[in-house]
Amino acid sequence: MKEQVIERLIRYAKIDTQSDFTSETTPSTPKQFDLLHVLKDELATIGLTDITLDENGYLFATLEANTDKDVPTIGFLAHVDTTTDFTGTNVNPQRLDNYDGGDIQLNENLVMSPADFPELQNYIGQTLITTDGTTLLGADDKAGIAEIITAMEYLIQNPSIKHGKLRVAFTPDEEIGRGPHKFDVAAFGADYAYTMDGGPLGELQYESFNAAGVKVITKGTSVHPGSAKNKMVNAITMAIAFQNEMPTEAVPEKTEGYEGFIHLMGFKGAIEHAELSYIVRDHDRQKFEEKKQLMQAAAAKIQAQFGEDALSITIEDQYYNMGEKIEPVKEIVDIAREAMEKLDITPITLPIRGGTDGSQLSYMGLPTPNIFAGGENMHGKFEYVSAETMEKATQVIIEIVQLFEQRAK
């Protein structure tokens, strides 16, 4: 299994599938279809059926049940796109067998050191797949894709392992928050699902942020600075005044665990026009609403000083804490936990400081916790993944489907 997941990850990683948050199409980039077509053919080759790929880039497939028991239909999902944060063009994965715990020379100018990334010490003796230091790797989430396909292939080759009906989905645009926007839950037809989109060994996540995006626009009046007194209105100054109303401690670089934040993601401005882009995140729904109210109050304060038309604020909720929808069917988390424990994996059930496709899918009627895929240092040139962790993730999938079958009547 180890060599299969390595081969698949490296092959998938070389296909550029970066999404684009400025695009209004689905998928946001046509090149995501380059991998989707490869995966569609591969699913057919290994023996899955009912394979569909729609015009929006959603690839579904089925492994039919091989038991007479009434087992829930279980789905496994991963996304094909890579982040907009770092280039995914010309990815050249490097294989490092039997890692010795020392520095890793990614290229002649770049070293990945345990001094900077101490978690490397967890992987001594293992096979690591790294970047060449010029791109991301794309283990987020091509490791998840490799694990799901390898697990399905293993189940097909070992029919003595009993399971209910299984559904597979590979989806676009997760990295820009639009993965489930055109996901047809009814057509997918699963009772429960799991995303294989987590990080290190043992991650099992069923709580995510509540999330919103905020755009603030300020409008000023440009006048020659030599004659600007009582005439110029500076949009940049207004934008700064708004930002100064934001909490200084509730920011990503100062928070962890269940602590939420207001994050200024982007700023651009001139005298006449300035824009601020924020994301708001909190696991607690009440605190989430309070953060949005704080921003509305800051906007009202600036408007009172400069005029109502001088500032506009748009707040759009993006997704909610999936824990609210998973808690009533907590047994799906318990089964994943038991699957890990049977494989001597210690489950790590920390809240996701982010969101997955499962965050939205859970609110669309498909409860979907998140399981580790193995990636470390994702979204950058120091990204890597352990082949042994990918193999374990594949085994977790196989254990989960067996446990569902064993519990059924």
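Keep in mind that glycine also has a Cβ here, set from the backbone N, Cα and C atoms.
Among D20, D34, D132, D140, only D140 appears in Swiss-Prot as part of the Zn(2+) 1 site alongside H79, D197. Annotated Zn(2+) 2 binding in Swiss-Prot involves D140, H379 plus, out of the candidates E108, E175, E338, E341, the residue E175. Summarising the environment of H379 (Zn(2+) 2 binding site), the number of other Cβ atoms within 10 Å of its Cβ, over all protein chains shown, is 17. Listed in sequence order, the binding-site residues from D140, E175, D197, H379 having a Cα within 10 Å of the Cα of D81 (active site) are D140, E175. In this structure the C-alpha atoms belonging to H79 (Zn(2+) 1 binding site) and H379 (Zn(2+) 2 binding site) are separated by 14 Å. Counting every protein chain shown, 29 other Cβ atoms lie within 10 Å of the Cβ of D197 (Zn(2+) 1 binding site).
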